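Student: Below: one structure in structure tokens.
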Amino acid sequence: MSYSLYLAFVCLNLLAQRMCIQGNQFNVEVSRSDKLSLPGFENLTAGYNKFLRPNFGGDPVRIALTLDIASISSISESNMDYTATIYLRQRWTDPRLVFEGNKSFTLDARLVEFLWVPDTYIVESKKSFLHEVTVGNRLIRLFSNGTVLYALRITTTVTCNMDLSKYPMDTQTCKLQLESWGYDGNDVEFSWLRGNDSVRGLENLRLAQYTIQQYFTLVTVSQQETGNYTRLVLQFELRRNVLYFILETYVPSTFLVVLSWVSFWISLESVPARTCIGVTTVLSMTTLMIGSRTSLPNTNCFIKAIDVYLGICFSFVFGALLEYAVAHYSSLQQMAVKDRGPAKDSEEVNITNIINSSISSFKRKISFASIEISGDNVNYSDLTMKASDKFKFVFREKIGRIIDYFTIQNPSNVDRYSKLLFPLIFMLANVFYWAYYMYF
């Protein structure tokens, strides 16, 4: 029994050794096949100097770029910038990395540290960062002809100079510009790989307040003190969606103006009611004007379209309050005139009687025969009105007529005319406002 167990143990041991030998032979064959197909990175980079660009001292390196716009997360009018996440892909040819075969191989992103890569940066960028979750979002791919593909995922905040004079019916033009930091046009030449088709993703973006109308790519030359640099420009137009602002600002302000007209149908004697409506609408309009400016920069160089409309609405609301003040004051003046009417009539009768009695007594005392008229003793200036007194008399008469012309004879007509004029003028102001800012 023990002898049979011993033989079984020996057989199992020999079988295990045989299997190990076959496994080692298989691994050797696999490693040999890998060495035949994969370029040895150590062999490729032997004598490779990552601090020198390809074709150093010769023709410039031609770098072709493509962009994928993943998102535009925010567009800030107060800071005049936008934040975007992009996939930046750069392609160039490095003759030092040529290997046999017709395959391409993706390398670990950490091997980028051993290769030359272009020093591309984003012009007018306020801040940018490379995503690192779960690893650095970079890709390096080598082709057998020496072509290198280098891809990055970047989030950047870029300046966008905005003209807010037509806000919120405005269209903004923003740019994303790429350029080499240190290599001028003699060392590096940038180009778009497929023209406008080099940029993708913008047509699929959905923004909260904007619609992307169009975009196009440009290649320009930036002239600086250190040389001329090739610059790639992506320019896109953003048209603001005005519907949001119509519901948030324009409709409430219009309703406040219409509410202020309600006082025209209230009696002049209802002082508390009309005063309350006027003051409430003025204060509400002021609050709406202040709230509309909280999210915008303090721009002193231009007046925005929304400020113009709110100013128009505030003028009508305040005008309705002044209209009641004028109508009420005219009503009080008319009542005062009516109260003074009987007293004034009796006063005029007394004055007439006194004048008539004085004239009759004066006629009895004066005898025209006793008056000796002598040319040397008569002062004609005493017998005629002076020119200055005549001018004052005529001027006072004219002023009195003008005052009587503008004096409101019937205060109830003020409300009657206001019911027609205020809505008519407000509608005309809206027609001119929307026609100007929408089509000019």
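Counting starts with 1 at the first residue shown.
In case you wondered, yes, glycine gets a Cβ from its N, Cα and C as well.
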Student: Based on the record in Swiss-Prot, is it correct that Arg141 and Ala327 are on the same side of the membrane?
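Tutor: In Swiss-Prot, Arg141 is across the membrane from Ala327.
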Student: Name the one residue among Asn102, Asn145, Asn196, Asn228 whose Cα is closest in three-dimensional space to that of Cys160 (disulfide bond); these are the glycosylation sites.
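Tutor: Looking at Cα distances from Cys160 (disulfide bond), the smallest one goes to Asn196.
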Student: Considering only the recorded positions Asn102, Cys174, Asn196, Asn228, which residue has the minimal Cα-Cα separation from Asn145 (N-linked glycosylation site)?
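Tutor: For Asn145 (N-linked glycosylation site), the closest Cα among Asn102, Cys174, Asn196, Asn228 is found at Asn102.
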Student: As a quick check of your reading of DSSP, tell me how many residues in the topological domain 'Cytoplasmic' (263-270) are helical, how many are strand and how many are coil.
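Tutor: Here the numbers are 3 helix, 0 strand, 5 coil.
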Student: Based on Cα distances to Asn102 (N-linked glycosylation site), point out the closest of the recorded positions Cys174, Asn196, Asn228.
Tutor: Asn196
Student: Out of Asn102, Asn145, which of the glycosylation sites has the smallest number of neighbouring Cβ atoms within 10 Å?
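Tutor: Counting other Cβ atoms within 10 Å of each of the glycosylation sites Asn102, Asn145, the minimum falls on Asn102.
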Student: At a 10 Å cut-off from the C-beta of Asn196 (N-linked glycosylation site), count the other C-beta atoms across all protein chains.
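Tutor: Within a 10 Å radius of the Cβ of Asn196 (N-linked glycosylation site) lie 12 other Cβ atoms.
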Student: Of all the disulfide-bonded residues here, Cys160, Cys174, which one's CB has the most other CB atoms within 10 A?
Tutor: Cys174
